[in-house]
Each structure stands twice: as C-alpha cells, then as structure tokens.
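Q: The structure's right below; bear with me while I get my questions together.
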C-alpha cells in the first residue's frame, strides 16, 4: 500500500490495456452472448420504465415514480459506460483504451454510481414517508422538493466523480499499462501509478466506502421503520404485499451496496474476487432494477396496460 514504483518517469503511458474478466478461452463466445444480451435487455427494460412514467399522467405526477424514472435513466447510462467494454473484451478486438477514455470512464462511472447511491437513499426515504407518515406525505415529499433532492443528488455525484478522477489521474503513470480489471476503476488504476498512492487510497476509503456504508445504513434504518409500520397492518394480504415490495427493493439495494463496500473499504486489495464482485453493481443491478421495480409494481403494470390498450384503440380507429 502506498508504494512507489521504480519505473523511469521518462516513459508516459498514453493508453491502458484492460485485461478484462478472467475466463477459460472455451467460454469466450458464451460470455460475449451473455453480457451482450444483458446489456440489450437492461437498456430496453429501463427505457420501457422511462416511457411508461413519462406517458402516464398518474405516474409522472408522483415523487415515487419520478425517482424511479431517474433511476432507470441512470441505469441506462451506467450500463453503457461499463458493459460494452466488458463484452468487447471477449472478442479479438484490441483491449487497449486511450488514456483520455480511461479518465472519462472512471469519471462517469463514479458520477453515475454515486448519484445512484444517493438516489437509492432518497427512494427509501420516500417509501418511509409514504408508509410511516401517510397523512403528512403530500407535504413532506411533493414534486418540487423531489426535484430539488434529485438535482442535489446529481450535483453531489458530479462533484464526487470529478474529485476521484482528478485525484487518480494527477499521479504519473509511466508503465506498465496493463489494468488487471474489466474497466478503469480507482483501485486497479492506482496500482499502476509511479508515485505514492496513500492519500488516494485514504480519500477512496472515506469518500466512497464510508459514504456508501452510511447510505446503506440509512436505507436499512428507513426499511426497519417501514417493517415496524407494516406489522401494524391488520390484514394478512396487506402485510404480505408490503413485505414483498420491501423485500424486493432491499434485494436490489443489497446487491448494489454490499459489493461496493467490499471493494472500496479494502484499499490496496489485490483479491482475484474483486472483478467478479464488481460485476454485481456494474452489470447485474442495472439489469435487475426494471424487473424488480416494474414486474412487482401493480401501478406500473396497470399503466403499461392502459398505454397498450390506448395504442390498440388508436390503431383500430385508423
């Protein structure tokens, strides 16, 4: 940790080689198809949620669905920043990524990822207010406040991404240039720096690990209060539906946060498991979100039926 490499500073790295995910050569085609299909389904699923919320007046007037639409937008971009590079690594194409593209990928990943981190916290808070403070909910969480909170999450995410990208690439990189990872992320890139990385690792630990852990604890606290309120519901069917919704939301949040905490609270780690763990919050979570938040949400399914029925009626009238 924090060691200085003895490579000559006369050499300046102009690109990096992403080694990708370790895999047997015989599975290359299968893995390409798996990640390619996941990417396509992720984009289509999240686009469907965006269009549904935008097209249905009952949905885009409610804070819960505004947050859901923003989450879908984030998932589409986060997946596009990471996943195409993953499945291209299973093809004969060059695994090199220009220095500037590596900077951009790291910035946008942390910008979008941290914004999503804050958004999950807002969504949990929104559900807490809706279930635990139903009479005050229209006042405590209205459209204007929701917009301000979402804008704050975007600004905070942008600042976070800029800080991490600046700190990471202010260091000299003079070789080697092989990134033992499937995208340009802080821990993997820092291992190639020709300078002391102690400060960077400390900032990563605090700014990412501790913030992610804090958001996760706030989400758990919100859902603990929600569960307490659910237990007061008199009907068994009402409790079952509420628990089902909360359980699915917590599943997605756990799949996102726990791997993040595992990666960023272990500065200097060189575990071969890091790449496999990172797949969960970079690939799996954006893919799961449309399934969890759409297929298990009765109002979204009803909106989809209304839109489909409306289009069918319009087609018949032509």
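Even glycines carry a Cβ here, placed using N, Cα and C.
Pulled the feature table from TrEMBL, pasting it below:
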type	residues	note
TRANSMEM	30-53	transmembrane segment
DOMAIN	45-293	domain 'G-protein coupled receptors family 1 profile'
TRANSMEM	65-87	transmembrane segment
TRANSMEM	107-125	transmembrane segment
TRANSMEM	145-163	transmembrane segment
TRANSMEM	208-231	transmembrane segment
TRANSMEM	243-265	transmembrane segment
TRANSMEM	277-295	transmembrane segment
Q: Among the recorded stretches 30-53, 107-125, 277-295, which has the greatest number of Cβ pairs closer than 8 Å to the transmembrane segment (145-163)?
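A: It is 107-125, which has the most Cβ pairs under 8 Å.
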Q: Where does the mean pLDDT land for the domain 'G-protein coupled receptors family 1 profile' (45-293)?
A: 86
Q: Six or more residues beyond either end and a Cβ under 8 Å away: which residues meet both conditions relative to the transmembrane segment (107-125)?
A: 64, 67-68, 70-71, 74-75, 77-78, 81-82, 141, 149-150, 152-154, 156-158, 160-162, 164-165, 183-186, 208, 211-212, 215, 218-219, 222-223, 249, 253, 256-257, 260, 281-282
Q: Hey, which bits of the same chain come close to the transmembrane segment (65-87), Cβ under 8 Å, at least six residues off its ends?
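A: Distant contacts of the transmembrane segment (65-87): 18, 20-21, 31-32, 35-36, 38-39, 42-43, 46-47, 49-50, 53-54, 59, 97, 105, 108-109, 112-113, 115-116, 119-120, 122-123, 126, 143, 146-147, 150, 182-183, 282-283, 285-287, 289-290, 293, 299-300.
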